[in-house]
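Summarising the annotation, TrEMBL assigns transmembrane segment to 7-27, 47-67, 121-137, 143-162, 183-204, 224-243.
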Amino acid sequence: MFFAARIAFWWTLYEVSLHFIYVEAVLKNVRYAGSLPKDQFFSLAPTIGMFFHMKYVVIFGLPAVFARFDNMNPQKGPICISRVILFSKVWREFDRGLYLFFRDYIFIPICRPSFSLQRKIFGVLISYSFVLLWHGFYHHNIVWIILNIISLVIEMSAKSLYSIEAFRMWREKTFSDVTFRRILAVLHILPFAFGLYSNIYFLGGSEAGALFVKRMFEEETVTFRWPFILLVVLGYFFSNVCIEVERQLELRRNEEKEDSVQKQE
């Protein structure tokens with residue numbers, strides 16, 4: 001019953017919010033969106049993402065309520081994007097059923113038997129091609145997929161580098177775990193930026209995406225103006241928060257596993 005009450009709460013909040021917050025309408029009116037002050041304009045990006053998340057909490061949660069009433073164990077709902085810095089995690093834990101399908105029937109068969117970086121990249125390209133085929137070969141979807149692929153290749157390349165024993169030993173001798181975490185928090189900003197721009201194209205369309213590129217990338221990032229520096233600093237703090245949340249959740253999962261093992265014994 002508590003789960004059903006949660007879904008009802010988010011459904012009600014989502015419906016009520018749509019009567020007061022017109023984020024999609026603002027992004028469709030490119031002239032008006034372009035006239036907004038940049039602090040208000042930039043806030044449209046996380047807002048539209050949060051609305052998208054709330055919508056799918058309801059879409060996935062409503063059938064899950066009835067499944068639980070029938071003593072079934074449905075997949076968990078979409079992960080909250082407000083605590084995710086790497087969009088590969090969004091792909092894994094937003095639409096979990098879709099991810100399991102791609103993992104088991106496309107990605108893993110392609111990567112076997114070596115699971116080399118080249119095979120992994122090829123598996124990513126094929127998987128995202130299916131996503132693009134499903135959503136349609138429109139400009140904003142193509143940009144969305146390309147930017148996601150770039151973000152994921154950056155992440156996979158970094159993980160492959162760290163899997164090299166000599167590099168990992170050098171890191172352990174040179175940097176403490178705390179220092180290395182801070183370095184990771186900075187490095188996470190790059191793939192996060194690609195993922196952020198990609199979602200703006202996906203959710204807002206080509207015109208809104210191009211406007212964000214113009215106002216955020218061309219006018220602020222390339223020129224290294226103050227808003228860009230502020231966004232990087234905030235991104236660093238956000239990255240640290242996401243890393244800590246994930247660490248705490250991992251500790252909780254390990255404790256639950258230990259408790260379940262002790263109960264079985």
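Just so it is clear, glycine is given a Cβ too, placed from its N, Cα and C backbone atoms.
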Quiz item: Which listed stretch (7-27, 121-137, 143-162, 183-204, 224-243) has the most C-beta pairs under 8 A with the transmembrane segment (47-67)?
Solution: 7-27
Quiz prompt | Beyond the flanks of the transmembrane segment (7-27) by 6 or more, those residues with Cβ under 8 Å of it | solution = 33, 36, 44, 47-48, 51, 54-55, 57-58, 61-62, 64-65, 204-205, 208
Quiz item: Which listed range (121-137, 183-204, 224-243) shows the maximal number of Cβ pairs under 8 Å with respect to the transmembrane segment (143-162)?
Solution: 183-204
